Amino acid sequence: MIAIGNDHTGYELKQAILEYLDSKGLEYKDFGCGKVNSSDYPDYAKAVGRAIQNKECDKGILICGTGIGISIAANKMKGIRAALCHDCFSAEATRLHNDANVLALGARVIGIGHALKIVETFLGTEFSGEERHIKRIQMLED
Ligand code: RB5
């Protein structure tokens with residue numbers, strides 16, 4: 001189950017991602033926001049982070065204008081590893097190496113087509129499970 005959240009800048013990209021997830025038969029929970037003029041990105045980072053913390057969802061996608069604010073907010077939460085990725089190499093590497101559980105995107109930074117390829121790469125890549133990466137991820141929590 002994928003948790004998805006966005007601020008006002010990310011609504012359009014979020015809708016495109018939801019269509020993509022629907023087309024792939026992937027289940028998600030939408031934590032907002034809807035089409036509004038202004039909103040606060042930490043609210044949506046926290047909602048998605050909590051859904052992962054309580055195991056309601058196993059992965060998350062967060063969108064704000066740059067992807068920066070919303071990833072900073074998510075990364076303050078225990079057990080959340082949010083990766084801001086604007087290329088497929090990073091999206092693949094962060095799953096393989098960091099077992100990132102949240103993908104952050106900047107709706108004002110990349111186009112929708114590119115963002116969808118990044119989502120596909122992120123969701124389609126398993127953690128490598130290699131010992132050195134497990135150790136380093138554990139060090140993030142210590
Ligand atoms: C909203 O204007 C913008 O600051 C927000 O979407 C995000 O880019 C913050 O990091």
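The backbone N, Cα and C atoms fix where each Cβ goes, glycine too.
Features as listed in TrEMBL:
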ACT_SITE  Cys64  active site, proton acceptor
ACT_SITE  His97  active site, proton donor
BINDING   Asp7, His8, Gly65, Thr66, Gly67, Ile68, Gly69, Asn98, Arg108, Arg132, Arg136  D-ribulose 5-phosphate binding site
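Mapped onto this structure are the features recorded in TrEMBL.
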residue : record                              : contacts (Cβ under 8 Å, 6+ apart)
Asp7    : D-ribulose 5-phosphate binding site : Cys33, Ser39, Asp40, Tyr41, Tyr44, Ile63, Cys64, Gly65, Gly69, Ile70
Gly67   : D-ribulose 5-phosphate binding site : Leu84, His86, Ala104, Leu105, Gly106, Ala107, Val109
His97   : active site, proton donor           : Ser128, His133, Arg136
Arg108  : D-ribulose 5-phosphate binding site : Thr9, Gly65, Thr66
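Each of the recorded positions Cys64, Gly65, Gly69, Arg136 was scored by the number of other CB atoms within 10 A of its CB, and the lowest score belongs to Arg136.
Listed in sequence order, the recorded positions among Cys64, Gly65, Gly69, His97 whose CB lies under 6 angstroms from an atom of ligand 1 come out as Cys64, Gly65, Gly69. The residue listed as 'active site, proton acceptor' carries a strand DSSP state (E or B). Arg108 (D-ribulose 5-phosphate binding site) falls within neither a helix nor a strand when secondary structure is assigned with DSSP, and so counts as coil. Largest Cα to Cα distance within the recorded D-ribulose 5-phosphate binders Asp7, His8, Gly65, Thr66, Gly67, Ile68, Gly69, Asn98, Arg108, Arg132, Arg136: about 39 Å as a whole number.
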